[in-house]
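K.L.:
One structure is given below, represented as structure tokens, and several questions about it will come after.
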Amino acid sequence: MDVNAFLDGFGLVTEPQNLLYCLIGVLIGMLIGVLPGLGPAATIAILLPITYSIDPVSAIIMLAGIYYGAQYGGTITSVLLRLPGEASSVVTVFDGFALAKQGKAGTALGVAAIGSFVGATVSILGLTLVAPLIAGWALSFGDPEYAALALLGVLLVATIGNGNKLKAMIAAAVGLLLATVGRDSFSGAERFTFDSLQLTEGIDFVVVAMGLFGVGEILYNLEERHGKPHVPAAVANIWPSRKDLKQSSGAIGRGSVIGFVLGVLPGGGAVMSSLAAYAAEKRIAKRPERFGRGAIEGVAAPETANNAAATSSFIPLLTLGIPANASMAMLFGALLILGISPGPQLVEERPDLFWGVINSMYIGNLILLALSIPLVGIFVRILRVRPAILAPITALITILGVYTINNSTFDIFVMIVFGLIGYLMKKTGFEPGPMVLAFVLGSIVEDGFRRSMLIFDGDPTGFFTRPISGTILAAFVLVALWPAAKALLARRKTGSDDTSEPHVPAGHR
Amino acid sequence: MTILIGYVPTPEGEAALEAGIAEAATHGDDVVIVNSGRRGATVDADLVDEPAGAELVARASAAGVDARVDRSLHGANVMDTFDALVESTGARLIVIGLRRRSPVGKALLGSDAQRILLDATVPVLAVKPAA
Amino acid sequence: MSDERTPSPDQDILAEIQAEVAQDLEEERPPSGGPSYQVVGALVALVVGVGGALLAYGYGLGTLRRPGAGMWPFVVCIAITLMSVGLLVAGRRLEDSERFSRSSLLPAIGLVTFIGLALLMPVIGFEIPALLLCVVWLRFLGGESWRSTAITSVVTVAVFYFLFLYGLRIPLPHLF
């Protein structure tokens with residue numbers, strides 16, 4: 001590891017301007033984590049235009065802060081209101097709210113904040129050590145490897161997320177198709193442009209993301225779906241006792257590791273890891289029946305894990321240029337806007353950005369630890385602001401923001417179209433996340449595929465004979481066929497009377 | 001007959017509750033404690049939860065008054081809730097607490113108390129918390 | 001997917017929790033749309049797949065050695081088509097859609113205000129259309145009182161005016 005670059009990164013982060021953007025980022029993140037409605041991916045999407053007007057490193061630091069800040073914020077509403085602000089805090093609800101009902105809301109929030117901080121810090125340390133190694137190893141990747149890796153990334157995100165896998169894969173494939181709109185970089189032929197001049201340059205990623213995530217979620221939230229107003233639980237005595245800390249220390253440790261590992265995997269991320277960490281705690285507990293009735297480990301583990309995962313999901317983005325989830329896809333897009341293509345060369349070519357972003361997370365998490373507990377009262381107060389008042393504000397930010405990118409009303413209309421598509425997808429059970437991610441990775445997959453075919457002299461088996469791309473593709477096939485194989489096995493065992501398909505209802509977002 | 005008490009967990013709400021229960025006890029009325037939340041809000045600090053509501057009812061029955069808590073939500077105008085309740089219960093009186101609000105605050109936020117005082121179709125008893 | 005047939009203790013707890021979470025979220029959702037929603041969704045995807053494949057074929061597939069402009073989109077479209085057919089056959093019973101109801105009118109109106117703003121902004125600047133959008137959203141979509149509508153929309157537009165034109169120095173089309 002290049003120690004000088006690492007230290008320079010710290011120097012960069014501690015510049016007042018970057019500290020300020022880091023603070024703004026984590027505050028926005030906490031805020032949207034607290035407020036039901038917009039998630040981190042949608043928020044980053046809406047704020048993407050700002051990257052055009054501020055310094056690249058500051059922009060990325062801020063957007064990254066939104067992502068991990070949101071994980072802290074989601075905890076607060078889970079514990080106090082039984083209302084997960086973020087999908088990654090859903091399991092925290094079980095024990096967090098039970099603790100709040102016993103008058104131990106403060107303890108739950110305190111342990112969650114400490115766990116979050118520990119998890120994130122462990123993960124950043126891991127990131128600091130591992131990321132340069134992976135980047136160095138990935139430098140040897142050629143086109144076939146990248147094509148295969150990007151394809152695997154798309155597939156994993158599609159299959160690991162909530163909801164129906166087939167639908168998610170269709171959405172992802174449509175995303176790949178959308179990426180081909182515009183002039184073909186190899187032959188110069190125009191594809192799917194329908195003779196529109198504006199479409200020859202392709203569809204702007206920012207516009208698509210703002211439409212599908214931003215406008216789509218805004219419209220979706222407009223439909224009255226809020227239940228009754230909640231009565232906030234009283235928060236007293238935030239600092240957890242030594243006994244609470246001792247009881248949750250094991251959970252925090254295991255949560256950090258689970259979160260770090262699952263966060264690195266594409267599609268893993270914060271949601272999956274919080275579930276896995278909760279399950280792990282329940283499994284090894286001496287008295288699992290305590291869970292759901294106010295076990296402090298049931299708060300510590302998922303909250304630690306989701307922050308660890310939020311941090312470690314930066315690894316594939318910064319080292320391979322493969323975003324692991326929808327929020328990372330937004331950051332990927334932000335980097336592309338800034339003229340930086342994330343990948344293994346990033347650490348060499350833009351050490352300022354690479355280490356600046358990573359080191360900003362040390363600072364950002366310190367800020368979060370310092371702020372999250374004192375600000376609990378303020379956040380509960382902010383929750384009293386009705387969503388109806390915030391809705392037109394987000395709508396205006398989105399429209400005016402997308403206009404400022406190219407000073408073009410055409411962009412607004414494209415965004416509106418994608419907003420409508422995003423809304424309809426949500427209504428019919430298709431997740432927009434895989435589509436955006438596939439859209440981002442589309443050109444990598446296609447270009448890689450076509451250049452590889454030139455390398456292989458038209459023989460597609462070449463993908464499988466190269467060790468790394470072969471392994472990746474084997475994993476791809478395994479992941480793609482696993483659900484089908486499992487369903488088939490299950491059916492064979494039960495016989496043919498099994499007409500009703502077992503399925504997990506799709507979660508939100 | 002029935003008395004409606006506008007209740008929020010503040011000194012003003014307490015004062016209204018006390019006055020309302022006392023009024024009901026002397027005239028043999030029953031009481032509906034109105035704890036109406038704003039529709040669409042995520043969190044409403046004016047609301048009380050189930051146990052707290054049961055406690056209010058217990059306080060009323062300690063004074064020998066039959067009470068229940070009404071939690072229907074209201075939109076932009078809190079009078080909607082009161083109108084509906086006056087209609088359904090045939091209440092003869094509404095009891096509310098008044099709080100001190102600065103002229104600017106009132107201009108910006110409006111005043112539920114004012115709406116009730118002006119628009120109610122039955123007599124309104126407005127009380128102030130003991131200073 | 002929960003694998004009910006092979007009860008390994010590891011998977012059970014995770015699946016159980018996932019089901020619990022899904023159920024928790026389900027309570028907040030409107031009723032599902034039923035098979036017709038699934039069929040329409042799958043058909044739209046199918047049309048995209050087939051239409052895209054036809055167009056892509058027109059762009060020229062080339063050979064495997066020298067893939068043409070249409071090769072990759074063609075491959076993707078075939079995948080979309082196949083998966084859509086699969087969804088059409090296997091996905092009719094899914095319950096992950098949401099029925100459109102009267103309250104679905106709200107997003108529709110919201111969408112119209114978006115289009116209105118986009119059309120009017122280049123002509124008369126952003127202030128008046130933005131104000132109108134706020135009023136519609138607050139008063140008619142959000143059920144706010146006139147008082148809170150007036151205050152919120154004026155303040156919002158004023159803040160945007162100063163933020164964009166003076167704070168960020170971004171030239172939005174403006175009237176004043």
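Cβ coordinates are placed from backbone N, Cα and C, and glycine is handled just like the others.
Those TrEMBL annotations? Automatic predictions, nothing curated.
Pulled these from TrEMBL:
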type	residues	note
DOMAIN	A:19-437	domain 'DUF112'
TRANSMEM	A:18-38	transmembrane segment
TRANSMEM	A:45-68	transmembrane segment
TRANSMEM	A:107-134	transmembrane segment
TRANSMEM	A:146-163	transmembrane segment
TRANSMEM	A:202-222	transmembrane segment
TRANSMEM	A:257-280	transmembrane segment
TRANSMEM	A:317-341	transmembrane segment
TRANSMEM	A:361-383	transmembrane segment
TRANSMEM	A:395-425	transmembrane segment
TRANSMEM	A:463-484	transmembrane segment
K.L.:
What stretch in A:18-38, A:107-134, A:317-341, A:395-425, A:463-484 has the biggest tally of Cβ pairs under 8 Å against the transmembrane segment (A:146-163)?
P.N.:
A:463-484
K.L.:
So, taking each listed stretch (A:45-68, A:107-134, A:361-383) in turn and counting its Cβ pairs to the transmembrane segment (A:395-425) that are under 8 angstroms, which one gives the highest count?
P.N.:
A:45-68
K.L.:
Among A:107-134, A:317-341, A:463-484, which stretch has the most Cβ pairs under 8 Å to the transmembrane segment (A:361-383)?
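P.N.:
The stretch with the most contacts is A:107-134.
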K.L.:
Going through A:257-280, A:317-341, A:463-484 one by one, which has the most CB pairs that fall under 8 Å from the transmembrane segment (A:45-68)?
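P.N.:
It is A:317-341 that shares the most Cβ pairs under 8 Å with the transmembrane segment (A:45-68).
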K.L.:
With Cβ-Cβ distances below 8 Å as the criterion, list the same-chain residues six or more beyond the ends of the transmembrane segment (A:317-341) that contact it, or say none.
P.N.:
40-41, 44-45, 48, 51-52, 56, 59-60, 63-64, 67, 131-132, 134-135, 138, 141, 146, 149-150, 153, 157, 205-206, 209, 213, 263-270, 347, 350, 353-354, 357-358, 433, 436-437, 440-441, 444
K.L.:
Pop the mean pLDDT for the domain 'DUF112' (A:19-437) in here, whole number is fine.
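P.N.:
Here the predicted model's pLDDT, averaged over the domain 'DUF112' (A:19-437), is 87.
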